[in-house]
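Asks: Before I ask anything, here is the structure I am working with.
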Amino acid sequence: MATGYSVVLVRHAQSEFNRDKIYTGWCDSDLTSDGVEEAKNAGKILCEYGFEFDLAFTSVLKRAIKTLYFIQDELDCHWIPVTKTWLLNERHSGKLQGRSKVEVLEQYGQEQVHRWNHALHEQPPPLAETDEHWNGNDKRYAGLPFAPVGESLQQTLQRSLQFWHNLVVPALKAGQKPLICGHGCYLRNLLKHLDSNCSTGKKQLETPNAAPFVLHLDSDMRPANLQFLNRHGNDIVLFKRSRDS
Amino acid sequence: MEARYTLVLLRHGESHYTQKNLFCGFGNDADLSDIGVREAALAGQRILKAGLEFDLAFTSVLKRAVKTLFLVQETLDCHWLPVVRTWRLNERHYGDLQGLSKTETAKKYGEAQVKTWRRSYDVRPPVLDKKDPRFCSSMAPYRDLDPSIIPVCESLKDTMERMLPFWHDEIAPKIKTGKRVLIIAHGNSLRGLMKYLKRLSDEEITKLEIPQAIPLVLELSENLQPIRDYYLASEEEVKTAKAKVGVKDNVK
């Protein structure tokens with residue numbers, strides 16, 4: 001009987017923009033010193049649980065890349081192949097990037113901000129080429145199939161699912177154990193978008209910075225179980241599929 | 001001949017084994033020392049000052065090289081660079097000498113013998129027994145490799161034979177598409193590459209020392225032949241760095 005698969009995911013540790021409550025998106029905000037410690041702790045947790053990985057995936061944003069590095073340091077696995085892809089970037093928040101969340105809330109109101117966070121097709125105001133946070137000339141995005149003006153939730157999920165199906169699923173089927181270090185937007189919506197029948201009882205998963213979780217999949221690649229790993233052994237199991245569903 | 005491409009080579013910073021003057025080699029995954037960490041950051045500064053940028057980096061599966069690369073990327077603010085890790089860029093395998101003190105080995109076998117093992121082209125060190133716990137086949141980075149290709153000892157010639165296919169298949173083609181490449185590796189994997197690129201004789205290579213953590217820039221022709229090569233440091237700095245890790249006679 002096939003035993004299914006498991007993949008470990010973790011949101012990057014605290015960045016400077018997280019700390020200052022600023023919309024980050026594709027801005028390449030660095031880890032804070034607290035964030036570095038968080039990342040190391042995430043690595044320690046994974047080490048205590050005896051996790052080993054064959055490969056890792058992350059975005060092209062340094063807050064995720066560096067979180068992964070510190071985790072690898074704790075796990076002593078700097079040798080594993082690391083694939084960096086913009087498909088795993090945080091959602092591009094358009095003109096909101098670099099702006100204080102408090103100011104944006106004041107300017108646009110709670111209802112609009114809620115729509116941006118939850119409505120699938122709602123676009124943020126577009127980022128202009130003349131904006132200081134414009135990424136269009138950044139070498140790492142050479143060959144990007146669209147101009148980086150901002151993304152809806154749907155667009156973000158579409159590309160993260162593209163990553164999932166093209167890179168993660170083949171790795172899992174080949175018997176590999178991947179580690180994914182990514183960003184809040186698609187991690188919060190991952191479960192629901194892998195299988196719309198999954199539910200944790202809340203609209204979105206809460207994904208604190210640098211809190212690793214294990215997603216167990218059945219032999220058909222459907223989510224079967226999701227657990228946040230806790231240092232003291234009392235893991236939080238947020239979702240468990242019953243055998244009949 | 002006009003230079004068409006620029007390639008940068010960098011030997012990793014000081015490791016704990018360098019500090020203790022031990023044979024490190026292929027099978028020992030020594031970490032950077034505190035000095036090594038500073039050296040790596042300084043190497044990044046030198047590259048930044050020279051205005052060099054990259055599209056792609058290659059390194060070994062040994063953490064002293066991987067972490068040197070991370071520290072260089074930190075200085076250059078290019079963590080997004082694709083990085084390819086390969087065991088083929090690992091340091092030379094020093095066989096049964098791995099982990100032993102260079103001084104004690106010289107006392108036991110004589111300085112001349114140790115110099116021959118360290119710097120000759122095709123003399124192998126004593127073979128490591130496959131039953132020895134230092135044999136790499138059970139170590140994570142090599143578990144999926146055919147055990148028959150995992151080294152038990154290597155001459156520089158052997159190191160080149162397992163390194164050069166990677167150069168030809170993976171690195172050279174990328175350079176020829178215009179990718180600006182950084183290679184962070186080890187003393188002997190880089191000596192081997194230099195021997196090949198500069199067509200050094202078996203005698204000439206015995207005299208080549210590559211210092212730790214000083215970037216070496218190669219300006220290459222259309223056919224990837226070095227037209228010029230230079231370190232991003234003063235002659236004095238290079239000489240001091242070579243003296244630290246090199247064979248005494250080679251650094252006067």
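Cβ coordinates are placed from backbone N, Cα and C, and glycine is handled just like the others.
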Asks: Have a look through A:LYS44, A:LYS101 and flag the one TrEMBL assigns to the substrate site that A:ARG11, A:HIS12, A:ALA13, A:GLN14, A:SER15, A:GLU16, A:PHE17, A:ASN18, A:THR24, A:GLY25, A:ARG63 belong to.
Replies: A:LYS101
Asks: Taking the Cβ of A:ARG11 (substrate binding site) as the reference point, list residues of the same chain whose Cβ is under 8 angstroms away and which are at least six residues distant in sequence.
Replies: A:CYS181, A:GLY182, A:HIS183, A:GLY184, A:LEU187, A:THR207, A:PRO208, A:ASN209, A:ALA210, A:ALA211
Asks: Taking A:HIS12, A:ARG63, A:HIS183 as the recorded positions to compare, which has the smallest set of other Cβ atoms within 10 Å?
Replies: A:HIS183
Asks: Between A:SER15 (substrate binding site) and A:GLU90 (active site, proton donor/acceptor), what C-alpha distance do you get in Å?
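Replies: That comes out at 13 Å between the alpha carbons.
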Asks: Cα distance, A:GLU90 (active site, proton donor/acceptor) to A:PHE17 (substrate binding site), nearest Å?
Replies: 13
Asks: Between A:THR24 (substrate binding site) and A:GLU90 (active site, proton donor/acceptor), how many Å separate their Cα atoms?
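Replies: About 8 Å separate the Cα atoms of these two residues.
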